[in-house]
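Since the structure comes first, as structure tokens, the remarks are kept for the end.
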Amino acid sequence: MRKSLIAGLAVAGVAIGAIAYADNHISDAQKEAAVKARQAHMTLYSFNLGTLGAMAKDEIPYDAASATAAADTIATLAQLPQSGYWLPGTDNESMEKTRALPAIWAEGSDVGTKAGDLVKAATAMQTAAATDLDALKAAMGALGGACGACHKAFRQPDS
């Protein structure tokens, strides 16, 4: 028991040290690439939400195949590992061309909870999008709310 506790503490210490080392050794090129990657990720969300939103607003006809494809893409995006996109020092106070607020990285941040809410809403949208237009419309509020909650807390508003 004592050996496993010591081993666990040693592993944790090495991991913390590696993170601290990595935080101080991230190149500007790596930071810029991370910002571009997460912006591309958000663009894909936006593109697919646009399809669902246009159907929900009756701007384009409801099509189960297109709605399902968009919802599946959003759900897949929501579940992708994103830690490589959110490197320390890639907030809007540390570099240009990003609206990510430092609050994302703050201790006690609820970004993980918000990400989980997005996964739940995206998963619900997958079912709704394949069902019919009324179900899609009903699911849009939760999906848009999950996106908006994260943006409100962690993204600088447009100026």
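Cβ coordinates come from backbone N, Cα and C, glycine included.
Nobody curates TrEMBL annotations by hand; they come from automatic prediction.
Fair warning: this is a prediction, and the values are worked out from it, not measured in the lab.
Annotated features in TrEMBL:
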- CYS147, CYS150, HIS151: heme c binding site (BINDING)
- 1-22: signal peptide (SIGNAL)
What residues, ordered by sequence, lie under 8 A Cβ-to-Cβ from CYS147 (heme c binding site) and sit at least six positions away in the same chain? TYR45, LEU49, LEU118
What kind of secondary structure is CYS150 (heme c binding site) part of, going by DSSP in three states? helix
Just counting, how many other CB atoms are there within 10 A of the CB of HIS151 (heme c binding site)? 15
